[in-house]
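Novice: In case it's useful when we look at the structure, here is the feature table from TrEMBL:
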- A:15-157: domain 'Aspartate/ornithine carbamoyltransferase carbamoyl-P binding' (DOMAIN)
- A:R67, A:T68, A:R117, A:H145, A:Q148, A:G273, A:P274: carbamoyl phosphate binding site (BINDING)
- A:K95, A:R178, A:R232: L-aspartate binding site (BINDING)
- A:166-310: domain 'Aspartate/ornithine carbamoyltransferase Asp/Orn-binding' (DOMAIN)
Amino acid sequence: MSASIPPAADVYPHRHLLGIEGLQPQDILMLLDRAEAAVEISRQVEKKKSVLRGRTQINLFFEASTRTQSSFEIAGKRLGADVMNMSVSSSSVKKGETLIDTAATLNAMHPDIIVVRHHAAGAVHLLAQKVGCSVINAGDGAHEHPTQALLDALTIRRHKGKIARLTVTICGDILHSRVARSNIILLNALGARVKVVAPATLLPSGIEQMGVEVCRDMRQGLDGADIVMMLRLQRERMSGAFIPSVREYFRYYGLDREKLSAAKPDALVMHPGPMNRGVEIDPEIADGPQSLIREQVEMGVAVRMAVLEALAAHLPTR
Amino acid sequence: MATPATPLVLTNARVIDPARDLDAPGAVIVEDGVIRAAGPEAINQGAPDGARVLDVAGAVVAPGLIDMGVTVGEPGGEHRETLASASQAAAAGGVTTMVTSPQTEPVIDDPALVDFILRRARDTACVRVHPMAALTKGLHGTEMSEMGLLQEAGAVAFANGHRSVTHSGIMRRLLTYARDFDALVVHHTEDPDLAGDGVLNEGLIASWKGLPASPREAEIIMMERDLRLAALTRGRYHAQLISCADSTRAMARAKNDGLDVTCGISINHLTLNENDIGPYRTFFKMSPPLRSEEERQAMVSSLADGTIDVITSNHDPQDVETKRHPFAEAADGAIGLETLLSAGLRLVHSGDLSLTRLLAAMTCNPARRLGLASGRLAAGAPADLVVFDPDRPWILEKSEIHSRSKNTPFEGARFSGKVLHTIVAGREVSP
């Protein structure tokens, strides 16, 4: 665990945000600090800034998303950008156009920032190589979802005052989760202790070398936890393929009051959404006093404003 | 089990406890359903108040047998066998614990059904019953069963009946998931595509009989695949019934590599071969099929050297409806609870196997693998005992079979060695 985290950087050093991997701790801290300011802006009556005035932001979502897409849209608009949403159902992708074709087509429209979500890991990196503008990864397959990890970190820091030396337990479908991967990298970079709990069928190979402690059961995993991050279990994985049934999953891995009692008394509960109440989390906990789930959504807008603003510094000015 | 059993002392015994490699003159003292002392140290200890003293006159006293592969017709096939009738057969054969197959109608793939078996056993059976639950829902080999909840309900292991899980990806996840619960995966190793319609061991005998045959490779390929997956997942694995020398070689290698793997064999494959099938006798039709004499001898050697861990009866009751058909159309399976020990003693009398080794494969080995407290004669262990005369001759008459189904391959067989008493939790359940 790195004890000394350097101070926040002044300038974000990259043209894109493709993942948490590759960011230095000071870059992460800079984004979090900027996001703090964005929280204040979002809470004002007048929420508009002009950093991105005249700029075009395209939200290119190959995978359906409600909260991430609207969060990026609001963030862009609050910074003055012209935001265009393009989702797979209304695009030419369904007609057989390749990712590269789509990138070239969009590039010809001179966007300044493209926000991309894609079901295939690595697709956002590929697209970033083919366009002239800045690219933000809004989730690529089971690889990374950097703005989710940033908003989680912001939420944690606002409540606990720090990230370093906190114990964060991530529970659930680690195998298929980009949220887990981004969080594991970020939390390690900022000096937190990360534990994971999941049925072995939902853990990726080599997990014990990914900077986490692997725990067998929820009691062991939640023991001493400051933060409990629950992950969503996709419906198609619930009935026999990776776990036998919803009732068995909830019995052993669903977060309820009894299991949460193993964590610290002031432990806080997070979930990237959308939740399956009664599958991975008891409604009583999801909607209870220890839950930060609503607040995560608010921090999502702030973090995305911070990222857009940071990338704006790299946009050509003439 | 309402009133406590009266204390019992077995004197003048040849006490064999394979768990501690003991074969010595001694006694066994039983009180409150558990063993107080067994072996030479139990001689002249005096009897508890009110004890029944049974002079066994030199007979062997050993842990009651644990049969890890019993198919019962309950629920769904009670006309073939009930838990009660199977337990009577077990008691007659010195078997004090039946580990039952989930292949019933319905399949035991729900915690409520495990509970049903345990309650029916408690109410109707005279020996202990530990159910195995289905490894996959409906034994279809596609969706994993609720291993956690089934284990909590009382399932001791997870099996897929006589069906192999052919999809390697699914088998991998089953082994992986089971590991979280320290659950044992028990598997029937037969590649159904390669076995095809085969009903006999592939070779000259099957060819002359004009019957479709299954090559040994159907077993070996599945076995080797499973062992690779056990290495990948570090899961706990038990091959239920092996029958080929190459399977034992793969198993020996896997054990040598430190994998948590074991295997079992049916008593039929240790004592019979494909020649015994004779004129299309369907009581000798089983899965895997009876193999050649060379394979049988190799199996006996592997049992002697410890590569094979467990002997089961593979008791599988079938009636006239399912057996009285042309060979290829008849059901697989043979009963075996009542003849398990006597048939096994043939290997001892032939000099191929020590009595202790034979008994280990029917007592402490399955007990260890399944985490059962029985299977040994230790102070405090359940007083499940078999008393037998290893030399007493007898002939198996069909009319004396306790099992509701009579499909034994040993009808009219001459045996040396007979069970005299079977004791479960300190009570005599047979004769």
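Cβ atoms here come from the backbone N, Cα and C positions, even for glycine.
Curation plays no part in TrEMBL annotations; they are all automatic predictions.
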Novice: For each of the binding-site residues (A:T68, A:Q148), count the other CB atoms lying within 10 A of its CB, then report the residue with the highest count.
Specialist: A:Q148
Novice: Starting from the Cβ centroid of A:R67, A:T68, A:R117, A:H145, A:Q148, A:G273, A:P274, which together make up the recorded carbamoyl phosphate site, report each further residue of the same chain whose Cβ lies within 8 Å of that point, ordered by sequence.
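Specialist: The answer, listed by sequence position, is A:S65, A:S71, A:A138, A:G139, A:V179, A:P272, A:G300.
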Novice: DSSP on A:R117 (carbamoyl phosphate binding site), three-state: which is it?
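Specialist: Once the DSSP labels are grouped into three classes, A:R117 (carbamoyl phosphate binding site) ends up as strand.
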Novice: If you pair up every Cα among A:R67, A:T68, A:R117, A:H145, A:Q148, A:G273, A:P274, the residues annotated as binding carbamoyl phosphate, what's the maximum separation in angstrom, rounded to an integer?
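Specialist: Between the outermost Cα atoms of A:R67, A:T68, A:R117, A:H145, A:Q148, A:G273, A:P274, the distance is 16 Å.
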Novice: Near A:H145 (carbamoyl phosphate binding site), which residues of its own chain have a C-beta under 8 A away, given they sit six or more steps off in sequence?
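Specialist: For A:H145 (carbamoyl phosphate binding site), the qualifying residues are A:N137, A:A138, A:G139, A:R178, A:V179, A:R181, A:S182, A:P272.
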Novice: Of all the binding-site residues given, A:G273, A:P274, which has the fewest Cβ neighbours within 10 Å once its own Cβ is left out?
Specialist: A:P274
Novice: Could you tell me the C-alpha distance between A:G273 (carbamoyl phosphate binding site) and A:R232 (L-aspartate binding site) in angstrom, no decimals?
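Specialist: The separation of the Cα atoms works out to 7 Å.
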Novice: Out of A:R67, A:R117, A:Q148, A:P274, give those binding-site residues positioned within 10 angstroms of A:R232 (L-aspartate binding site), comparing C-alpha atoms, in sequence order.
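Specialist: Candidates kept after distance check: A:P274.
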Novice: Give the residue from the binding-site residues A:R67, A:R117, A:R178, A:R232 that has the most other Cβ atoms within 10 Å of its Cβ, counting over every protein chain displayed.
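Specialist: Top count of Cβ atoms within 10 Å goes to A:R117.
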Novice: Looking only at the domain 'Aspartate/ornithine carbamoyltransferase Asp/Orn-binding' (A:166-310), how are its residues distributed among DSSP helix, strand and coil?
Specialist: 60 helix, 24 strand, 61 coil
Novice: Using DSSP, how many residues of the domain 'Aspartate/ornithine carbamoyltransferase carbamoyl-P binding' (A:15-157) fall into helix, strand and coil, respectively?
Specialist: 67 helix, 27 strand, 49 coil
